[in-house]
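Undergrad: One structure, pasted below without further comment.
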C-alpha cells in the first residue's frame, strides 16, 4: 500500500514511479477521491458533533424551562442524515483503498529501466558450467533411475505434479535440511513452522490479493493455500508494534508452496521446473527503514551461499522495472546453470519491499521510551527453491552411466552416500 501523505506532498514523483513501471498516472484520481472522502468525513463528524451538542442542550433547556422543541427537531433531522453521511464516508474510503491496493510498489532509484526479463542486468557470475557432452534433463535422468514418477502423479493429481522415490526423495529432504542449517547457524535466521492455510488478510498483506487471486488455490472454507512462506512469515508482524531494538527479525521456513500457474500454459510442461506444489526454503526479514538496503544484500548473499556450497554455477541479476514483482521495490534473481537445458534458470528471488507490505499489514516499530511509531520494512527471498535445487544437482552432477554424484555438502545429510544409482 502506498503512503497517501507522500502522494499528497509530491504527486509528480508518484506518477513518475508508476511510469517507470509502465503504468499511467494515478495521482489525480487518488487525490480527487482523497479530497471527496475527507470532505465526507468532515461532514459526518460535524453532524455527529452537532447532534451530541444539541442533545446536551436539550437537557439544559428542559431543566431551565426553555422550549427545547427546535433542538428536538434538529436532533431528529441529524439522526436521519448521519447514516447517509457515514455510508458516503465508508464508500469513498473503500474506493480509495481499492485504488491504492491495486497499484504496485514503486521501483527504487537504482533499479534499471526495462520492459521485461531481457532488460535485466547481470551483476555477477559464480562458477564455470561443466562441460557435459550429451547432458540430459532432470526428468530424463529421474525416470531412467526409476526414482521420478510423473505418470503416477498425473493419475492421482493431474498435470504439474511429481512423485519422488527412494534416494531422490531423500536428496530433496537433505537439500532442505542443509539449507535450514546454513541459514540458522551461519546467517542467524530463526526457523519457523508456519500454517499452510491463511485468511484473505494475510495474502492481501503481502500483495497477492486482490490482483493475483487466479494464481492461488482457495479451499471451500475460504482459506488460501500459501504460494510461498513469505506470506506466513511476513504476516507474523501483521497489526503489530515491534520494539525497534528487537529488529531486524530474520525468519526462515521450509514449506510446501501451492500455485495454480495461471498463464503458464505451454511453459515447462515436462519435469519439475513449474509445479502446482513444490518445496521451498523461504527467508524473511523485518527491519527498520535504514536497515533494509544492507539487509537485502545480506539476504541475497545467504541464498547465493547455498549454491556456492553445493558447487552449482549461477549468476545474479537485478530485475528491471518491467520485470519486478508487484510488492517489490528492488529484486535480485539468482539463476542456476542447468546443463540439460543449456541455460540459467531462476532458483531464488530476493526482494526488498520497503514499507509497501508493512502498510498493508499495519506493521510498525517503536523505539524504547518513545510514543511515536514508524512503518517497518519487509524483505523476502528464496533460500532456495528446493525442487529446483534438486534439478540443478541432478543435471550438474550427472555421470555418463546415468548415476548422480551427491555434492560433498549434502553427504552428511545422506548418511555418507556418494552416488545415487538406479532404483537407489
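From the backbone N, Cα and C atoms, a Cβ is placed for every residue, glycine too.
Quick paste from Swiss-Prot:
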BINDING   228, 229, 230, 282, 382  L-serine binding site
BINDING   259, 260, 261, 346, 347, 348, 349  ATP binding site
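Looking at the shown structure, can you explain where the listed features end up?
TA: Classification of residue 228 (L-serine binding site) by DSSP places it in coil, neither helical nor stranded. All protein chains shown were included, and the count of other CB atoms within 10 Å of the CB of residue 228 (L-serine binding site) stands at 23.
Around the Cβ of residue 348 (ATP binding site), the same chain contributes 303, 306, 333, 334, 381, 382, 383, 384, 385, each under 8 angstroms and 6 or more positions distant in sequence.
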Undergrad: Could you work out which of the binding-site residues (260, 349, 382) has its C-beta surrounded by the smallest number of other C-beta atoms within 10 A?
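TA: Looking at the binding-site residues 260, 349, 382, the Cβ with the fewest others within 10 Å is that of 260.
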Undergrad: Where the distance is taken from Cα to Cα, which of the binding-site residues 259, 346, 349 turns out closest to residue 230 (L-serine binding site)?
TA: 349
Undergrad: Compute the centroid of the Cβ atoms of 228, 229, 230, 282, 382, then list the same-chain residues not in that set whose Cβ lies within 8 Å of it, in sequence order, for the L-serine site.
TA: 231, 233, 253, 255, 257, 280, 281, 283, 284, 380, 381
